[in-house]
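Peer 1: According to Swiss-Prot, the protein carries these features:
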type: BINDING; residues: CYS103, HIS145, HIS149; note: Fe cation binding site
type: ACT_SITE; residues: GLU146; note: active site
Amino acid sequence: MAVRKILKIGNPILRQTSEDVSESEIQTKDFKKLIRDMFETMRHADGVGLAAPQIGVLKKLVVVGQEDDNERYPGTPEVPNQIILNPEITPLSPPRDGFWEGCLSVPGMRGYVERPNKIRMKWRDENYVEHDEIIEGYRAIVLQHECDHLFGVLYVDRLKSTKLFGYNEDIDTAGKLLD
């Protein structure tokens, strides 16, 4: 396993659309190593999720997982470890629940983004088994954020207002910009 370099905003790879993962790909040693590396990279950076494009791989692959309080997102609930291939998301509520999002590709900053609190997600797992699930709350927000990366979208593209964007140290624990 290896910690991979996380690409930062400005790198053109982050703005490209990823390709689907094929069933034959998931059987390869390289793909299995990629998944292990992604989990290790995510944990090393204290992230909740990581999309393959963030490490320069243009494949529709996301890993998520947060077992206990994450230092970057105190007070947030657990997110189960999950490998997600070729996701499709359908919003089931209007984009009204706001959250101060951060991103490993936009280090040291946060922005207020409103997203649907309830989604339907179809995806395949690491065994290429298809899943279809209704997801709500924090996990739904995390999954939408990570899946955006697969289509070249960063959370800064979804800011409610550029006035609600700043450095971590300028945002208090309640998510308000400090004066």
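Cβ atoms here come from the backbone N, Cα and C positions, even for glycine.
From a predicted model like this one, the values you see are computed outputs, not experimental measurements.
Could you give the neighbours, burial and distances for every feature on this list?
Peer 2: Taking the Cβ of HIS145 (Fe cation binding site) as reference, residues of its chain lying under 8 Å away and at least six apart in sequence are, in sequence order, GLY49, GLU101, CYS103, VAL113, ARG115, TYR155.
Counting only same-chain residues six or more apart in sequence, the Cβ atoms lying under 8 angstroms from the Cβ of GLU146 (active site) belong to GLY49, LEU50, ALA51, VAL62, VAL64, ILE84.
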Peer 1: Please report the number of other Cβ atoms within 10 Å of the Cβ of CYS103 (Fe cation binding site).
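Peer 2: So the Cβ neighbour count for CYS103 (Fe cation binding site) comes to 24.
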Peer 1: Other than its own, how many Cβ atoms are within 10 Å of the Cβ belonging to HIS149 (Fe cation binding site)?
Peer 2: 25
Peer 1: An 8 Å radius from the center of the CYS103, HIS145, HIS149 Cβ atoms defines the neighbourhood of the Fe cation site; name the other residues of that chain inside it, in order.
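Peer 2: Counting only non-site residues, the set is GLY49, ALA51, GLN54, GLU101, LEU104, SER105, GLU146, ASP148, LEU154, TYR155.
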